[in-house]
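The compositional bias 'Basic and acidic residues' annotation in TrEMBL covers 7-23. Residues annotated as domain 'FAD/NAD(P)-binding' in TrEMBL: 71-261. The FAD binding site feature in TrEMBL is assigned to Ala80, Leu109, Leu145, Trp438. According to TrEMBL, the feature NADP(+) binding site maps to Gln217, Gly218, Asn219, Val220, Arg261, Arg262, Glu273, Gly445.
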Amino acid sequence: MSSDGAQQDKEENVVKKDKTDGGNHEFERRYCNVTFKGSYTRIRMMTGLLRQGWKQVVSRGYCFANHKPLHVCIVGSGPAGFYTAEKMMKAHENTEVDILDRLATPFGLVRSGVAPDHPETKIVVNQFSRVASNGRCSFFGNVLLGSDISLSELREIYDVVVVAYGAESDRSLGVPGEDLAGIYSAREFVWWYNGHPDCRKMAPDLKSTDTAVVLGQGNVALDVSRILLRSISELQSTDIAEHALVSLRESTIRKVYLVGRRGPAQAACTAKELREILGMKDVQIHINEADLVLSPADEEELKTSRIQRRVYDLLCKSATSHQQLDSAGQRELHFIFFRKPDRFLPLEDNLRVGGVRLEKTCLKENGLSGKQVAIGTGQFEDISCGLALKSIGYKSLPVDGLPFDKYRGVVPNVKGRVVSSNQTQQAEMEQGLYVVGWLKRGPTGIVATNLYCAEETVASILDDLDNGLIVPASGSSKPGRQGLLQVLENKNVRFVPYSGWEKIDSKEKFEGQLRNKPREKLTTWDELLRVADG
């Protein structure tokens with residue numbers, strides 16, 4: 001990865017190529033139904049292709065020479081789930097894919113995680129919609145794994161089960177005062193302004209304070225800071241939830257502090273996100289120039305990462321620009337480095353947050369990892385605030401019957417194959433069970449990162465299928481979709497089919513047109529289910 005921008009461009013180009021490249025289809029037309037007729041040269045060419053490794057060809061998403069039916073269930077309808085469905089259907093012409101999601105709406109974090117002022121990132125839903133509209137693919141929304149249906153039931157019904165439900169919880173700081181009112185995870189705040197039904201009633205108080213503290217300096221931290229500081233005129237034409245727009249219009253927050261344990265050389269954001277927030281109109285950027293002084297260890301880190309070098313250079317440029325604004329419309333963004341939260345300070349009522357106590361840190365090299373870690377110095381300082389957002393990482397949750405590494409927050413796997421233990425030397429593969437996305441690798445990467453992740457998992461599925469590890473020689477005897485429908489009917493589960501989502505989609509777009517927005521999201525479970533059933 002040469003840089004975050006280059007990597008993102010590369011990933012986006014791969015997505016476009018995957019959709020439009022006629023070369024792949026030409027390969028399928030010419031070689032998937034091979035009859036060894038014709039010239040000696042052609043036979044030699046085919047033999048050469050086979051010698052290069054048929055499995056390698058398959059793993060790249062080409063046609064798979066197996067005509068037995070294959071019933072696949074994917075739990076989770078985010079990017080990882082949809083990329084997996086697309087790759088499986090392209091690779092195996094008789095694959096029937098069912099995508100389950102606990103929400104009534106598909107697309108996961110593309111809908112509920114991507115910031116409303118980043119519409120270009122959401123264009124990928126057009127590709128996913130084409131996948132869902134394929135006759136061999138079905139969507140089952142409002143179906144909760146572990147409650148409406150168990151993992152063991154799915155494994156009995158399907159030849160292949162792929163868990164792709166991502167990370168829907170948060171890491172904890174474990175410091176005093178973390179349960180005070182006015183403290184939220186960044187995930188909750190993002191879900192709130194994106195209209196996720198779980199956070200519809202969250203109602204953060206943005207009118208009783210002028211200061212917010214955001215703990216963390218990754219892309220999500222930058223997202224929530226940008227939404228807090230962005231002008232209403234810019235937000236009101238996005239698909240931001242109406243309840244959030246009303247609160248932000250009345251917001252009195254004028255200062256946001258972005259707090260990081262380490263220094264600018266280790267900031268976890270990407271240059272693209274940082275450049276956007278540094279270039280916001282009517283926002284004064286504050287960076288302590290003394291924090292920008294690099295140690296020899298920092299210099300070594302920057303030599304090995306062009307991404308980090310670009311981030312550091314942007315911070316340096318912003319610190320020396322000394323932007324001057326009119327005080328009337330001025331908002332402030334403060335980058336605070338070398339600080340870690342020690343405790344949250346309550347107001348006099350001991351119920352709401354009134355500030356954050358930060359401990360100054362210094363960096364010390366970790367002998368095991370070779371990276372620099374933040375060590376407390378015993379010096380403290382306080383920042384008063386009425387809103388605190390913890391952007392310290394998403395966390396996946398386990399379900400019954402699924403091996404889970406609680407320390408790392410992922411499902412133990414080898415190239416997407418779920419294994420029974422974290423000890424790979426002693427682990428046994430869980431037959432027919434696979435993992436993809438954040439649940440596989442942790443909450444990292446951009447939307448298109450899931451494309452590569454899905455390709456790896458699909459390659460493992462195809463390899464196991466080719467070796468007879470999934471479907472018995474007599475062919476699939478599992479019921480697949482019909483079995484799922486029977487279980488859901490027996491349990492009286494009210495699922496939302498893709499046609500139900502299309503009704504929601506149409507309603508949201510219609511309501512959005514009335515407000516000059518791309519869509520006005522339905523934000524309660526009752527609304528979503530009522531419209532889906534209409």
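Note: Cβ is positioned from N, Cα and C throughout, glycine not excepted.
Caution: TrEMBL annotation is automatic and unverified by curators.
Recorded features from TrEMBL, shown on the structure.
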residue	record	Cβ contacts under 8 Å, 6 or more apart
Ala80	FAD binding site	Gly108, Ala164, Gly166, Val436, Gly437, Trp438, Lys440, Asn450, Cys453, Ala454
Leu109	FAD binding site	Gly78, Pro79, Gly166, Val447
Leu145	FAD binding site	Val75, Leu100, Arg102, Leu151, Leu154, Val163, Tyr165, Val399
Gln217	NADP(+) binding site	Leu258, Val259, Gly260, Ala267, Ala268, Cys269, Phe335, Ser391
Gly218	NADP(+) binding site	Ala268, Cys269, Ser391
Asn219	NADP(+) binding site	Ala268, Cys269, Thr270, Glu273
Arg262	NADP(+) binding site	Phe337, Phe338, Thr361, Leu363, Gln372, Val373, Ala374
Gly445	NADP(+) binding site	Cys453
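Taking every pair among Gln217, Gly218, Asn219, Val220, Arg261, Arg262, Glu273, Gly445, the residues listed as contacting NADP(+), the largest Cα to Cα separation comes to 21 Å. Within its own chain, Val220 (NADP(+) binding site) has Ala186, Arg187, Val190, Ser391 as residues 6 or more apart in sequence whose C-beta sits under 8 angstroms from its own. Proximity of Arg261 (NADP(+) binding site) to non-local residues of its own chain (separation of 6 or more, Cβ distance below 8 Å) is seen for Phe338, Arg339, Lys340, Thr361, Ala374, given in sequence order.
Trp438 (FAD binding site) has a Cβ environment of 29 other Cβ atoms inside 10 Å. Mean pLDDT for the domain 'FAD/NAD(P)-binding' (71-261) in this predicted model: 96.
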